[in-house]
C-alpha cells in the first residue's frame, strides 16, 4: 500500500550508525507491498494467457523508444527536431535521462516564467544531491534555534508582567520561578535528547506520539504544531517589523507591506533549498547570541562592582492578591520562552549523517544557550531592578541601564529585531517536513510529498507563507494578540511526545530504561501543568481558538486518510478470480444505488482479453475534423459506428444523404433531438448502450478543435469538452479526443 | 462552407408566395456545399480502398444501435435500465427520437435545476413547432410597435424643447417641422414597405445593406442597431420606472431593484418564446393607443367648441436666436419619434406565412398609427398652447388641460408608463434575430444560431438582458443621459438600408423601378440629414460614444469572421491528392515556424489506411488504474509500450523489478527525471517520438481517477489533466483517458 513508507519507518529499529535517507523524492512513488507483488504476479499470469498467442513481431516497435538509434533524425537540417531528442540522454538500455532543458515547459510563456523562477530560486538540483542538501551543525544551530532563542526576548518579560500584577513584592518570586523554568528546560531538553536517539529517522512529536500512543494522539500533536508554526511566522514577522518601526517611527504606515515583503523573502529563501536558506539566515542568530552575552557580561560586571546587590525596583501597587493562580500564570507565561525547543527533533533527517548524533549535539548546544541566556537575563533584570513597562521592553531597559543609550544599545536592539524576524525561519524548516510525514501516512494531501526542483518541499513552504500572510493581513500586522494562542499548541505537542517516550521505554526496555522513562515522565508532567494552566488562564484571551482548532484539524486529517484508504482499496490489485470488496468496485459517480449494484461488472477489465471494444463516433458535420475522428475510429477495427444528432427530420435526412455520398462506410445512427439539446441526449444514449452491454468498453471518439488564442474559444461551442465532463460519470466509457489544430 | 445559409438567402429571388423557414434550428447545422460534396465523394472512394478488404462480419455490431431489439433488456427487474432505453423511440430504421426526458441532465443537481427552469419557461417546444411559433398580425402589431409608439410620448416634447430655446415665437415653427417629420415618416415607412417586399426572408437594415452595399456597410448598420437595442432596453426600463416612481414617490429608493426586476420579467417572458411573449406584452400597447386616441378626440372636441383657435402659450424669453442650426436640431430631436420604425423589417421571418405580406400590412398599420398619434399630439399641444416644462411632461399637461386631474388623466399616465416600459420588448424581438443573421454569416459567435428549448434565441436574449442590466446599474437607473446616443445608431441604419434599396432597384429593375428608387433615395437623403445633424449637434452630449463604438463593433465582427474563415479553410475537406493551402495545414499550436513547415505531414490522415498507430502508456505505479490502462492499450494491438518517470535511479530499478514480476508483457521505457518534474519531460519525450515518426498517430492512454466529491480533487495531483492540457499542443497526439471511478 502507499503507506509502506510509514511501515518501514515504524517497523525496524535501524542500526543508528548507517545514514538513512528518510526525506527522499521516491517517497512520492511508494513501491508495492509484498502482498501486492504476489497479486501482481497472479494478474501477470492471466496476461500471459492473453499475450501468449501474439505474433512474433508483436514486440518490435516502429521506433526505438530510447530515441537512440535515431541520433541522426531523418532531417538533421531541422535543428529543433535534433534539439528535442538531445533533451534525453540514453544512460542504459531501456532508460533515458531527462536533461535540465527537458523540464522546461513547451510554450513560450511557460519558458519565460521558468527563466524568471530560475533566476530567483537558482538552477534545479538533481535528486542525487539530496544528501549534500543536509545541514552542517554550525548552520543547523542558528537556523533551528532562532525560534527558541528569540523567545528569550519576551519570555522573562512575560513572566514578570504577570507577577508585577501582585505588586513589587511579588517580583521577588521571579528567581525561584525562573529556576523552575530552567529545570523544565533541562528536563525537556534531555528527554528530547533521548527521543532523538530513539527515533533516528525523525523524532518529531507527531512521529513519536503516533508511534507509541496511536495515530489520534499523533495527529493532535501535529495539529498543535501546525497551528504553532503558522502563528510563529505571522507573529514573529509582526514583532520584527514593529521592533523596526518603533526604532524608525517614519516607517510605521508601511507595516503591512513590509511584513508581506519579509514573508516573501522567507518564502523565496526557503524555496532555494535547505542549505541556501541556512546560509542566508544563520548570521543574525549568532549576532544576537553574541550581543546578549555581551550584555550579560557587562551587566554582571557592573553588578559585581556594587557587590551584586539588587537595586530596588520602583514601587508598583498590587492589582490583585498573590494567589497560586497568579504564580501558575506567571510560570505558564514564562514557559513561552521554551517554544521552539522541539525544532531539532523534527529536523533530524536534514542533518548530515550520522543524523541523530549531530542532531543530539546541536540540541544540547541549543538548550545550554537557552538556559544561559534565559537565566542570565532574568537574574540581570532582577539585579538592575527594572519592571515591565508598556512603552519599553525589559531588554531595552536593561541594555540602556547597562550601556546608556549608544552604539551598543543600538546593536542589542537591532539584533533583537533581527532574531524576532528570523524566528519565522525555524517554522519554515519544520512545517513542510511535518506535512511531509503527515502526507506519507496519508493524513495530508500527497502533493506535500513532492520535493520541488530545489529539493525543498515547495508546496508546504508555499502553504505556510500564504496562510501566515493571510493571518498577518487579517490582523493588519498587529498580531501581538495572537501570542496567547501559542503555548497551548506547543505544550500539547511537548506533553504528548514526552508521554509517548514513556510508553516507548516500557516497550523496548534497554539499559536503565526506568531512569529514562522517569525523566520523560517528569518532563511530560511539567509540560502538562503548563498546558493546562495556559489553556485555562488564557482561554478567554484566545486560547479557545486553539482548543477548537486542534480537534477540527484532527478530524480533517482523518477524513483525508479515509479518502486515501478508500482509494487504495479501490486501486488495489485483485487476483483475477476474487471479485474484491464492493467498496473497491467502481460505480457511476453520482449514480443511483441501483447502479452501484450494477457496478460490479463494470471496469473490471485488468487484462487485454477482458476488454471488449465498442467504438462510437459522434459526428456533427462531415468536415475534416469528423473524418479524422472516423478514420481514427475505423483504424481501431470493428465494432465501430457513428451517431449524429439533428434538431429536426429535414436536417437528419440531409445528413444521411451526405453520409451516403461519402460512401456509407460505417453504420450511422441518427438521433433526432426535437428539443435541440445536444449533450444530454448523447450522454443518455451512450448510457443506454452501456446498459445493454455492460461488459463492453465504450470508446467515444470526439474530434477536439484546438484554437490558438483563448478568446477564440468563445467562438466555439465546446461540445467535446461538455461531452467529456458529462461522460466522466459513466463507468466503462473511455473518451478519446482526436486533436485538430487551427494554426495561428 | 458554413455560410451557404447566406448564400441561399442572397442568391435567388424566391417566389414570394410559398412560406420559407429562415429561422430554422437547422441553421446551426449547415449542410455541405456542392464543391464539398464532390470532395467528400472523392475522399469516400479512398475510404472504400481501405474498407474493401474488410471481413464480411465487419459491419454487424454486437448490439443494435437503435436499441430496438433490446426493448426487453437482460434484467428487466432493474427499472432504471429500462427507463434509460425508453428515453428513445425508434421511429424509423437507423433513427431514434429522443424523448423529452432524454434532454434532462444525468446528475441530481442538474435535474433539479432543469425542473425549476421548466416551471418558469414552460415545457420545451419541438423543432416542428417552429411555424406555430410565428406571430399573428394582431399580436405582431403591438409587440413590434411598442418601441415606435412609445417614442411618441417624448418625440414632440423633444422637438418643442429645442424650439422654445428661441423663445415663444419660435414655437410657431412646430407645425411646419412636424409636417416635415410626418413626411419623413411616410417616406421611410413606404420605402420600408418596398424593402419588406424585396427581401421576403428578412429585410433588416443589416441584410439589405450588406446585400447591396457590401458587408462593411451591413456591419455598420448592424452595429448601429445593436447599440440602439441595448440602449432601448436600459433607457425605456429606466423611463418606465421613473414614470411610476414620479406617480408614487414612495418607491423612489427602489428604482434600481425595480428596474432589474423589470428586465428579469422581460428576460423570462421572451425566453418563453415569441408567441407567449407576444401575448404577454400585447395588451398594454393597445391600451396606450386607445388612451391617446381618446385624448385626441376629447382635446379636439374642446378645441372645436372654441373654433379651433390656439390658446396663447405663456411667454418664454429666448435664450438663443432662431438660427438654422436650432431648426435642424429641433428636427433631429423630433425625429427620435421614428426610432423603432425598422422593427418590422427585421422581424419579417416571425410572421405567419405569407411572411412578407403580413409584415407589410402590419408596417402600414404601424406607420399610420404613428402619423396619427404624432401629428395629432403636436397639433393638440399647439392648440392648448402648453410649453415644455421641467417638472411635467407635455402629454401630462395636455391630458390635465383636457380632462382636469381625474381618472382619465390617471389612465393616460399609467398607459404612458406601461408603454415606455414595454418599448424594451421590441428590442427583445429584434436583437437576438439580428445576432442570428450575423452569426449565420460568421460575424458573431455561432452559438447565437442556437434556438433554445422554447425555440427562442436564448443566447441573444440573455446577452441583451445582461448588457442592458449592466448599463442600467452603471447609471444607477438614471439613463436619461443616454437618450442622445440613440438617434445616431438608428438613423445610420435607416440611411444605409434606404441607400441599399436604391442600389437594389438599379440592379434588378422591375416595374417602374425609377419611382421606387427615387422614393428610397429621398428617404435615405432625409435620414442622412437627421443622422449628420444628430451626430454633430449631440456629439458633445455623448453621441461620440456611438461614433466611436460603431467602428469598434465592425472591427470585432470582421475579426470573428476572419477566425471562422480560417477554421472553415482548415476543416474543409481536401481531395486526397491535393495538399491544400498552408493555412489549412494544422501545426503545433504555439509551435515555432519551423514546426509550421514540418506541420505539412501532420494530422493529414483522413482515411483509415493513413492512420499508423503507436500507443504509449505513461505508468506511475502498477495499481489497478495503471493495469486497466495497459490492458486497454494492449487490446488495441501493437505497437504499444509503456513509459515510467522516476525521480531517481533507485526508484527506477525498483519499478523495473515490479514490471518484471508482473511478467514484462510490454516494452517498458523508464525516464529518470532527476529534477522531479513530471509533465514537462513526458511531453517533451512524446514530442521527440513524434519528431522521429511524424507519420504516426501517437495515442497516449492515461488512467483518469474519478472522485466523488469536488474537494477530493485537492487530494490528487491531476497528472492526467495536466498531461492533457500540455499535450493538447502537440499535433498528431491523441489522448485517451480510461476512467477509474472511486465510489463515494
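Using the three backbone atoms N, Cα and C, a Cβ is placed for every residue, glycine included.
Bear in mind that the values here come from a model prediction, so they are computed numbers and not experimental data.
What TrEMBL records for B:1-34 (among others) is region 'Disordered'.
Sequence annotations record features per position, and here TrEMBL assigns region 'Disordered' to B:54-75 (among others).
Taken from TrEMBL, the feature transmembrane segment applies to B:138-155 (among others).
Among the features that TrEMBL reports, transmembrane segment is placed at B:161-188 (among others).
Sequence annotations record features per position, and here TrEMBL assigns transmembrane segment to B:226-248 (among others).
Annotated transmembrane segment per TrEMBL: B:254-273 (among others), in sequence order.
Tertiary proximity for the transmembrane segment (B:280-301) is limited to same-chain residues at least six positions away from its ends with a CB under 8 Å from its CB atoms, namely 138-139, 141-143, 145-146, 149-150, 152, 269, 272, 369, 372-373, 376-377, 380, 383-384, 395, 398-399, 402-403, 408, 411-412, 415-416, 418-419, 421-422, 425. What TrEMBL lists as transmembrane segment is B:280-301 (among others).
Feature annotation from TrEMBL assigns transmembrane segment to B:321-341 (among others).
The annotation transmembrane segment is assigned in TrEMBL to B:362-387 (among others).
Residues annotated as transmembrane segment in TrEMBL: B:407-428 (among others). Same-chain residues lying 6 or more positions outside the transmembrane segment (B:407-428) and placing a CB less than 8 Å from one of its CB atoms are 143-151, 153, 228-230, 232-233, 236-237, 239-241, 243-244, 247, 262-263, 266, 269-270, 277, 281, 284-285, 287-288, 291-292, 294-295, 298, 340, 343, 393, 395-396, 399-400, 461, 464, 468.
Residues annotated as transmembrane segment in TrEMBL: B:455-477 (among others). Sequence-distant contacts of the transmembrane segment (B:455-477) (same chain, six or more residues past either end, CB-CB distance under 8 Å): 25, 125, 127, 129-130, 133, 229-231, 233-234, 237-238, 241-242, 255-256, 259-260, 263-264, 266-267, 270-274, 277, 424, 427-428, 431-436, 447-448.
Long-range Cβ contacts of the transmembrane segment (B:483-505) within its own chain (Cβ-Cβ under 8 Å, at least 6 residues beyond either end) map to 188, 191-192, 194-195, 198, 204-206, 208-209, 211-213, 217-218, 220-228, 231-232, 235, 332, 335-336, 338-339, 341-342, 345, 513-514, 516-517, 520-521, 523-524, 527-528, 530-531, 534-535, 538, 541-543, 545-547, 550. What TrEMBL lists as transmembrane segment is B:483-505 (among others).
Listed by sequence, the residues of this chain that lie at least six past the ends of the transmembrane segment (B:517-536) yet keep a Cβ under 8 A from its Cβ atoms are 184, 187-188, 190-191, 194-195, 328-329, 331-332, 335, 484, 487-488, 491-492, 494-495, 498-499, 501-502, 505-506, 543, 546-547. Summarising the annotation, TrEMBL assigns transmembrane segment to B:517-536 (among others).
Per TrEMBL, transmembrane segment is recorded for B:542-560 (among others).
As annotated by TrEMBL, region 'Disordered' applies to B:577-609 (among others).
Fewer than three CB pairs closer than 8 A are found between the transmembrane segment (B:542-560) and the transmembrane segment (B:138-155), and contact between the two stretches is not assigned (pairs 6 or more residues apart). The list of residues near the transmembrane segment (B:161-188) in space but at least 6 beyond its ends in sequence, with Cβ under 8 angstroms from a Cβ of it, reads 313-322, 326-327, 329-331, 333-335, 337-338, 341, 367, 370-371, 374-375, 378-379, 381-382, 387-388, 494, 498, 519, 522-523, 526-527, 530.
Beyond its flanks by at least six residues, the transmembrane segment (B:226-248) meets 147, 150, 154, 254-255, 258-259, 262-263, 266, 339-340, 413-414, 416-418, 420-424, 426-428, 430-431, 434-435, 464-465, 467-469, 471-472, 475, 477-480, 482-483, 485-486, 489-490, 493, 546, 549-550, 553 of its own chain at Cβ-Cβ distances under 8 Å.
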